[in-house]
Amino acid sequence: MKTALEADLEEESLQENGVIQTTQDQHSSISPPASTVSGAPDDEPFSTYFEEKVPIPEDVTQMFSFRKLWAFTGPGFLMSIAYLDPGNIESDLQSGAKAGFKLLWVLLGATIIGLLLQRLAARLGVVTGMHLAEVCNRQYPTVPRIILWLMVELAIIGSDMQEVIGCAIAFNLLSVGRIPLWGGVLITIIDTFVFLFLDKYGLRKLEAFFGFLITIMAVSFGYEYVVVRPDQGELLKGMFLPYCEGCGPAQMEQAVGIVGAVIMPHNIYLHSALVKSRSIDRGNKKEVKEANKYYFIESTIALFISFLINVFVVAVFAEAFYEKTNIEVVGSPHTDLFPLDNSRLQVDIYKGGVVLGCFFGPVALYIWAIGILAAGQSSTMTGTYSGQFVMEGFLNLRWSRFARVLLTRSIAIFPTLLVAIFQDVQHLTGMNDFLNVLQSMQLPFALIPILTFTSLTSIMNDFANGLVWKIGGGLVILVVCAINMHFVVVYVTSLSSVALYVLAGLLCIAYLCFVGYLVSYYSTHNTEQPEYDT
């Protein structure tokens, strides 16, 4: 039993950290942040994305309602685009070309893990009315909070660079080389600002546009799937048999790359913010519970569709190009890409499109390029929103959308443009390996906070993670982080430079110290157990 003094001290501590206990209903314990901008009106929306909220239909007594599911549909599909960005597409095609169908089970497992993590992100946003960056701002001390923000920004910039690369390659393929790679990079600067203002036409219209882009990807990559006609028996075997017969280091490294490409750190922050776009009474426990249910169903459907699209890409390259040699790329004018020898065929997003054109005709190349363009453009927009939410949440800054996008897009464009101008397409696509490593290293800075805060009863109350989720989530995060750290070690050792080894070692010490701090924060703040897990 707590004494009155202990209760007063606890209440004071919670208020200092931005946690406000309500006497009317304790399951909604964090209040949304007030504006800290001088002269900003109190009723000014916190983010442009939330200028309108979608109403949820009432008077529905059924256990399940398609009307309500439709009302909640949108945020999960925007979130799922991160599972379909150009970095994922490249990982898929290399998986198929290097290992055939044998690593499909890794893709399936990574998608399921991603779904569970997205569930936590959605629950945090629904229960608290705040997204992950806002909660981090209120819970972590100043220095760790700034470091965490910088790490997340690095992940967003890395993802942005992959999107720029994908779009530039798509423009080059669609124009049959008339638009140089550097020209495609510059085009992405313009189209980003054009797409950015689509949300002014209404939230549901914006979500419909994203749905349209996902449909383009599904049709484009589905067309390639039908044309190539993969072996369905081998596909099912590779998807449900967790084994990789005859696989070596290259295939194992590719398996690690799949996990790193699928689970994106900034996507956790994004999803926790997107769910705030629905009109939910957080003071009503039934409505909160219902919102959690429908968001989970919607996320499951969205990630299932993204999984199918990823399977299309893996299967196409597994069936058509697994164990193929350069000499088999008949009729190709690109002898600089495919030398006439019997060495193993190496493909990436650019060469993959060229090879499809060589094997299955020009239509296959153009449709492939359209799919890549849709992937790059859609992920560019969601990356823009991620950056906006992260900056506003961590720093309480309200930059205009123009200024925010100009900053991050400039950082992403500059190195990509230099490589596009002074190097060739191999170096441009080769940047994806480094960017996957960069984002892999940022994973703990999204996974540990989301597990920490969804497990705290002072934040989630009745909706806090139970013991099973705490242990299971901790093990999942440990495995994911270990896999990606292995990926980082493999990449660094391949550089063969003593100076880089020393630099990497020093950075790793600092990196592990900060990860250790986040883990210790989790362990010291999760000593109380909720009565049940909802």
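Backbone N, Cα and C atoms are what each Cβ position is placed from, and that goes for glycine too.
All TrEMBL annotations are machine predictions without curation.
Note that the structure is a prediction, hence the values are computed from the model and not measured.
Range annotated as transmembrane segment by TrEMBL, chosen from 154-171, 406-423: 406-423. Contact between the transmembrane segment (295-318) and the transmembrane segment (104-126) is supported: at least 3 Cβ pairs lie under 8 Å, counting only residues 6 or more apart in sequence. If you count C-beta pairs under 8 angstroms between the transmembrane segment (349-375) and each of 210-228, 255-274, 443-460, 498-519, the highest count goes to 210-228. Beyond its flanks by at least six residues, the transmembrane segment (210-228) meets 77-78, 80-81, 84, 305-306, 308-309, 312-313, 315-316, 319-320, 356, 360, 364, 367-368, 370-371, 374-375, 377-378, 381-382 of its own chain at Cβ-Cβ distances under 8 Å.
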